Amino acid sequence: MRAKFEENYLKCPTSRGGRKLDETRDKYSKACRRLHRAHNEYVLLLAEATECERALRTAALPSLLDQQKRQGEATAATWKAILLEVVQRSDFSTDKFREITSKVETTIQNLKPQDEYKEFMEKYKSPPSTPITFTFDESLVEDTSGKLQPNQLTVDNLTVEWLKEKLTELESSLQDNREKQTALHGPEIIGNGICKNNNSGSQSGISNGVNGIDRHSPPPIPVTSSEPTKLLELRVVERKCARQAELIRTALAELGCEEAPSGCPDLSAETVGGDSLDGSSPDHQDRSSLGSKASVDALRLHLHSIIPPRPFFKMFTRPFRRKSVPSSPALPPKTYRSSSEGPADTVTMAHRSKRIRVLKRRLRKRVDVYVHCRVQNNSLRKRKKRVCSCPNSVVSVSETERSLVEQEWFHGVLPREEVVRLLRADGDYLVRETTRNHARQLVLSVCWGQHKHFIVQTTPEEMYNLFCDVKILILNKYTIAVPVFAVPKPWGHYRFEGAAFPSVGELIAWQRASGVPVTARSGALLRRAVPRETWELNNDHVILLDKIGRGNFGDVYKARLKTTGQEVAVKTCRVALPEEQKRTFLQEGRILKQYQHPNIVRLIGIAVQKQPIMIVMELVPGGSLLTFLRTRAGALSSRSLLAMCRDAAAGMRYLESKNCIHRDLAARNCLVADDHTVKISDFGMSREEEEYIVSGGMKQIPIKWTAPEALNFGKYTSLCDVWSYGVLMWEIFSKGDTPYAGMSNSRAREKIDAGYRMPAPDGCSEDVYALMLRCWEYEADKRPHFHQIYTIIDNIYNR
């Protein structure tokens, strides 16, 4: 700027003036002023910085260091005090500490483990249990030919090889057992074991008594507190195997080198069904009185007198005939003589009584015959089968001739959970149908200690019935049931463990009348048939007419009952649904059957005799409340809408009093009658509990109708239904609009948790909307109960 001023000044030496020179002089003056001001500010800032640096260096930093020093000194002083106190209190050399240590040591030394629980054991011990005596049931061998004796092993040509194999197996088990004991406790365990020398044994006869085990048993196994449980188990197994091996070894040693006797009776001897009735040997039978032969001949001849001989009949009478004795004429019914001896003496009472007793026992259990029974290509093919018929004297003909679906104890495809509910006392039973691997099966369900389920077995062959009635044979005042043969009829193939029957009805009737367990292992007896309940309908009595809707489990039909002509609504369950969903479907019927209220849909019955399963309910002509609101929106007044809310509240008040949680209350699940009465329906998700907890996701849960605590924690109570009722009121007064319109389920859930509530519908009064808001309280305890809701709505309605 100075150079520019000098240049202009030199250009005008004469005048030393002019406009440009003046402008340049002004600019130069201003620039000099700014420069001098900046210079002064810079000098001042340098002075300020110098003073700040001096203050930091001479005051601030030394004071910070002093503060750190003071803090450290205070901390050190505190720790010094603490450590001094610790030292003073942990001085092991003080008299007080030595006194405490001495007391602790004395107390520990005085502990006696063997006395600690003595008082406890004396107080709670129980006397030793009474030994159980296992005795041989002699009635099991009363029917045999005498070869089998109670409490004795039988060694004959039928069992000798099996006994030898069993002995080898037991000896191998003993060797393995001892090796395991040695590994657990060392070689000395064999000396402390149960039976070191297994070669010793009595030589008392061919058969060694089982009851003799207790008399010759070694002392009880010693058990110490240090003995492992595994070792004790091995000793018990060793004792068991050693005793069995001793019995078998003794029996085989008595036989020696002799040939094993025959185990089969003399088939030429006279027997009934292949067994000698008096239990004597063939030689003894020949030497005995003529009573044996005469009694059996009389039975055979009496059978001939009942019906003429036939090829089928020969199969039954052949076992009653001696080869050397020709047929004899019929004898009087009370006195029987031998046909081969002419005027022989009357049968002795002793032999006759024993024969009659055995026959009575056999015929009381069942009527058994062995037949050659299968027909193929119009020819009789021999095959041995046991068949059985239920005598008319035991079961009425009407009971056994009814079809399966007509039997009162047949419950169709009733699920197992419903069966458990029906069978309550021991001996209660019913028959139901199930499907396994796409095959239909019949199941007998019995309550016997617990609920047992037996599949009715079916045989592949077609068998033939040899008799259809029972005649009475009188032998010296004894009455015996004898089958009467008739023309062969197709035989059924239903059975459990015993004989087969032509129908399930006869099988169940015989099983109940005979007192024989269904299976030997279960021991279950049939005592009381559980009949179908009054609400269980026959599927054939329900005539489906028109399809009127579709539900979660199947179609809904308008139908008519064949028995009464009443029009009904029928919910069907698809056959292909899983068992879990079928149980859920039937749950609605089980809940509805116990409720009677004008605002609850009435159940007429459940049809489970066959597929498809049906729930039969009253037909409500108006259909769904949601559809009714949308189609009749213009014709509904506020008073009519309030009456619908009152009807729904009355129904829900009744359900709440029964501890029933609906869980799916909505306009779509309510029905409207002709007089606009609202009825609560669709109880598929309902539960009869005061509180119900669910887990496993939110499938099929109506999010926009469900209370927050149920969505967040899975906890359902009647107050959850109150929340749903508030949404139902909103649906009614909005005349069928969708709640939270335009929002997804997740979005609606988020807004509810944030405090959002739907606005009042058009035309809704403040009192009604205030009740809706009370139903939508986030805290369940703040919501009203249904009896309170009904009172509020009824008061508003009657204003």
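Using the three backbone atoms N, Cα and C, a Cβ is placed for every residue, glycine included.
Among the features that TrEMBL reports, region 'Disordered' is placed at 188-226 (among others).
Sequence annotations record features per position, and here TrEMBL assigns compositional bias 'Low complexity' to 197-212.
Annotation comment: TrEMBL describes 266-291 (among others) as region 'Disordered'.
TrEMBL lists 323-346 (among others) with the feature region 'Disordered'.
Look at TrEMBL and you will find 409-530 tagged as domain 'SH2'.
Residues annotated as domain 'Protein kinase' in TrEMBL: 542-797.
Residues within less than 8 Å, Cβ to Cβ, of GLY554 (ATP binding site) and separated from it by at least 6 positions along the same chain comprise LYS571, THR572, CYS573, ARG574, LEU577, PHE585, PRO612. GLY554 (ATP binding site) falls within neither a helix nor a strand when secondary structure is assigned with DSSP, and so counts as coil. According to TrEMBL, the ATP binding site annotation covers ILE548, GLY549, ARG550, GLY551, ASN552, PHE553, GLY554, ASP555, VAL556, LYS571.
Residues or ranges marked as active site, proton acceptor by TrEMBL: ASP664. When Cβ atoms from all protein chains are considered, those within 10 Å of ASP664 (active site, proton acceptor) total 20, not counting its own.
The number of other Cβ atoms within 10 Å of the Cβ belonging to ASN552 (ATP binding site), over all protein chains shown, comes to 15. Around the Cβ of VAL556 (ATP binding site), the number of neighbouring Cβ atoms within 10 Å comes to 17.
Note on the binding-site residues ILE548, ARG550: the fewest other CB atoms within 10 A surround the CB of ARG550. Taking CA atoms as the reference points, ASP664 (active site, proton acceptor) and ARG550 (ATP binding site) are 17 Å apart. For the ATP site listed in the record, the two most distant Cα atoms among ILE548, GLY549, ARG550, GLY551, ASN552, PHE553, GLY554, ASP555, VAL556, LYS571 lie 14 Å apart. Classification of ASP664 (active site, proton acceptor) by DSSP places it in coil, neither helical nor stranded.
Neighbouring residues of the recorded ATP site, listed in sequence order and excluding ILE548, GLY549, ARG550, GLY551, ASN552, PHE553, GLY554, ASP555, VAL556, LYS571, comprise THR572 (Cβ within 8 Å of the Cβ centroid). The domain 'Protein kinase' (542-797) scores a mean pLDDT of 88 in the predicted structure.
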